[in-house]
Amino acid sequence: MGQVKSQFSEDELQDYEDLTYFTKKEILYAHKKFKNLAPEKVGHNKNAKLSMSKVLEYPELKANPFGDRICKVFSSSNDGDITFEDFLDMMSVFSDAAPKSVKAEHAFRIYDFDGDDMIGRNDLKQVIKRLVDYNSDLGDNDIEQLINNILEEADLDDDGALSFAEFEHIIDKSSDFINSFRIRL
Amino acid sequence: MARHRAVLNDATFHVEVNEAGSRRFQQGSNGADGAFKTPPDEDKIEVLQEDTAEEQLSNEEGLFTPTGNPLASQEDQFQGVNVSFSQSFRRWSSNFGRSVKNNKRTVYNKTIRLMPSRIQKTLSIDGDLITTSASDVDHITMELGQREQLMEDNPIAEQLRIETIKSIAHKISTKRQIREQLSQTVNRRATRSKSIGLLRRYRYSGKLYATRAAKLLRSFVTNFELFYGSMKQIEGHFGSRISAYFKFLRRLLVLNLVLLLFIGSFVIFPQLLAGRDPVGSEQDITERQEFHLRDLFTGEGYLSESVMYYGSYSNRSFTLVPGTAEYSLPHAYFLTITVLSLVTFVVVSISMGRSYRISFIESSATVQNILTHKIVCSWDYGIANEKAARLKHTTILNELRDYLAQRNRDPFVPGRWHRLRREALRLVVHVTVLGMISAIAASLWALLVRFGGTDHFTAWSALYVSIVSNVTMAAFGYACQLLGRLEQYRQVATRLNINLLRLFLLQLTIVGVLLAYWLTRAHAATGCWETAIGQELYRLLVVDFFISTVLLGAARGVRYLLHVHYGPVKGAAPPTTLLGRHLTPPPFCIETHSLGLVYNQTLLWFGVLFAPLLVLLVAVKLLLVFYINKFELIYLCQPPARLWRSSQTQTLFLVLVFVSLFGVMLTHGYIIMQVPVSAGCGPFRGTQYMYQLFMQGILKLREEHLFWRVFVYITKPAIIGGVLLTMGVVTYYLRAKSRAQIAKVKLLKELLGMEAKDKKFLLASLNKVAHGKDDQLDRIELVGGGRINGPADKYYTDPCATWRYEETPRKTGDGGTVQGTVVDITGSCSSYQPSARDELELVFGGTLFVESQLPARPKQCNGECDIMPPD
């Protein structure tokens, strides 16, 4: 730990502590994890930018069907490349301490593939396909029916897409969301 | 210009939020703030009207109160709306002011609308897309700068500022800029205003220290989180649903460690320091026994005279540190254990209440959104293992297939005979289970009479009772599972819960029978019945560990080995033999394991009065169970493939813990007040009942003392009866009130449903008019302009058609019923309107139920705001 500590000054740690949901210890731990992804690069420059494929080696992101989406949402350059600050931001949002509203906002952006601020039919299709794994035998008709049913249930204003308010309405009522939308550091 | 844009954003956002409705009250304020400071125009007023609709409902006259025929005059209606609206707006804004004062937390809850997806692309009123990503920082800073609470120059406001900035969903760099700008503004303002007074500074410093302490505590807790690595491993392998069980286990372990800390330092340690009682007390007649390994299982022999049990504690007071006051062990014993039980009880009740609120009340609407939940919340982000990920994919796929199959199948309506048969079958199963439980109770009683009566056991025979009861419990579990299959409950969860309740009932029965036997047994004059109970509980706990953890774990191991060697090979054809099909890896049943923990904890709570060191035993046991279970789960068992609502099941377990703890408290109360203590052993010898020590020793009450008389007077039946009666009346009153609220909520929901239906109908007709009778379009006057570039546009092309439609009399039943309901509701609500909101929050545990249930107002309806009445 001592070696890691030397990369951050006390002020920087305080700064990160104020801006994320982590304690100083956890920030250092997060940095250790980040460093493990690319020891050379990060050892040289603590805020190095790692490419998306590198970041996707992080076990939780690797197993996650939305791993690339997560990287894109949290990337400050919007191309999926992740700096340490982005990584810290990501882990902070996925931590236990983050409130539901913050998690919901990011979940919405992860599921909003085309970035039009609505989860439309295409987004839903992508989500379902990724959830059941691409090479599964769930037919297009079935997916269509699922999408129709989802919209029937959750699209309160009948505009054929889920807005953030509708999405948040679902999340708000879910007691399991906060447990599942979480990555232990 | 920037200011103006902010207002527009407010309005747009506000509309969206109204559709979902949740937390509307807080968020809505922003829109109000903005609109309040700019010259009012048609747009904002209409937007705000949505917000205030509910306020009006709880007030005497509102938007929904029909004044005569609502269709009679267009003009009148519009004016009426505006008038009543401006009134209600004033009401609302004053309400809001109050709520902000009362609840500072709301401030950062409101920041949700500052999130990127709200701000980056906001539609202006002209339908253009405003992209403000460049000025994000300025924008948010400005928004936050308007909040007085945040901008004060004191530590509290700073803390609040930090919290608020944290909750903004932006990149860290953006947040940093925002924070810097804000602090600049604050400093600028601070130099202008005078410094705060000494008294206030003093007050702030207190609060500041409290927050700092909380922060320290948090970092301390995170540093010492038990099993951190193990939990991460389990979560990575099996997801959060399985790790919930381990969390439950860990929670109990931590609780027991805290108990151990207190009991150890206040009771056991002083006793060890003081040493054994001087010669002359009665246990010393028998020689001090040698230690046998057997004693660890039976709790007899050497252990029976150790600090493990009640009997060997001293009733003396002694000086621990020379020169200090005397330490009275009986008082320490009594106070430590009662206070700890009470505190545990409070902690458990609070956490149960919270868990119940979160998983049942606040999520009560999930039933409507089953599928969306399956999509949105189903992926477990904690999964970090490829195998687990594949399993998850398969599970989700199966869930979706089940769902589709259920949707596409014709709804099965069981015939009368079928239903009757099913009900009869269930009844038979219930009766069988109850019969089994009573048979078990009776045979346990017989066993106790046969083997439990002797005061001195020969070697291992002491274990008979505990072995039999534990084996019965395990066997009963399997029997129940088999019976449960007969019952054909459609929901898996129902079957599971009923099964759990049956097992729990059996456990309660067994513990109850044991207790009844021990307490009613005639006590030998020289014996120490407290120690005897302690020993029985010790044996139960030890045997439970060996049977349910070690033995069943070994059975699972054997099954796994069989599976590896003889089981079906992956990829090969499924085996045809019966044996072959059953050679699967053993399942890991979370429910049974959790129930075992509850049972364990019940025994501990009960036994801590008679054997303080049981806490240590249980803590060690839990530690072992944790590692054994983890090993089994990772190497031997297959995780359950079913998705189950972990939070609800966790709540159920908390409820069971609460129930058993409550029972334990009652029994302890009975023992302390009514059962005479043994005369020859333990810290309480010399008094007749345990409580007397408290009354006489601690409160220093004597018979003739005034307080004593007051106490005797208070405990008279008449007074207690009176108090109970009053409590009953109060409960009845509250219950009636909550029923009224529930009825009201139901009515409001109906109203909203009707309204939505009405709107839908209107829009459909409007659409028809727009597309069908183009020749009439010349009467339509478009004031606001187009706004949404989505599919909604098809409704929006002619917003003014609304008034046109209303010229024709309504023919459908829809409109009529709505009006009827409206009258009904305003009438029935008026009787309890004053604190309706508070009571709602009471009844529904802080959730604004009505709001969150809102079926949305169709977005297109906001188009109405652009409609001007025709001239």
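Using N, Cα and C of the backbone, Cβ positions are placed for all residues, glycine too.
Just so you know, TrEMBL annotations never went through curation; they're auto-generated.
Lifted from TrEMBL, the feature list:
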| type | residues | note |
| --- | --- | --- |
| DOMAIN | B:528-647 | domain 'TMC' |
| TRANSMEM | B:252-273 | transmembrane segment |
| TRANSMEM | B:332-352 | transmembrane segment |
| TRANSMEM | B:427-448 | transmembrane segment |
| TRANSMEM | B:460-479 | transmembrane segment |
| TRANSMEM | B:500-519 | transmembrane segment |
| TRANSMEM | B:603-628 | transmembrane segment |
| TRANSMEM | B:652-673 | transmembrane segment |
| TRANSMEM | B:710-734 | transmembrane segment |
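Pairs of Cβ atoms less than 8 Å apart link the transmembrane segment (B:652-673) most often to B:332-352, out of B:252-273, B:332-352, B:427-448, B:500-519, B:603-628. Per-residue confidence over the domain 'TMC' (B:528-647) averages out at a pLDDT of 81.
Beyond the transmembrane segment (B:460-479), the same-chain residues lying 6 or more positions past its ends with a Cβ under 8 Å from any Cβ of the stretch are 294, 297-300, 436-437, 440, 444, 447-448, 451-452, 503, 506-507, 510, 514, 535-536, 539-540, 542-544, 547-548, 552, 592, 599. Take the transmembrane segment (B:332-352) and the stretches B:252-273, B:500-519, B:603-628: counting Cβ pairs under 8 Å, B:252-273 has the most.
Sequence-distant neighbours of the transmembrane segment (B:500-519) (same chain, 6+ residues past either end, Cβ-Cβ under 8 Å): 433, 437-438, 440-441, 444-445, 448-449, 452, 465, 469, 472-473, 476-477, 480, 529, 532-533, 536, 540, 591-592, 595, 598-599, 602-603, 606, 652, 656, 660, 663, 667, 671, 675. Counted with DSSP, the domain 'TMC' (B:528-647) comes out as 86 helix, 2 strand, 32 coil.
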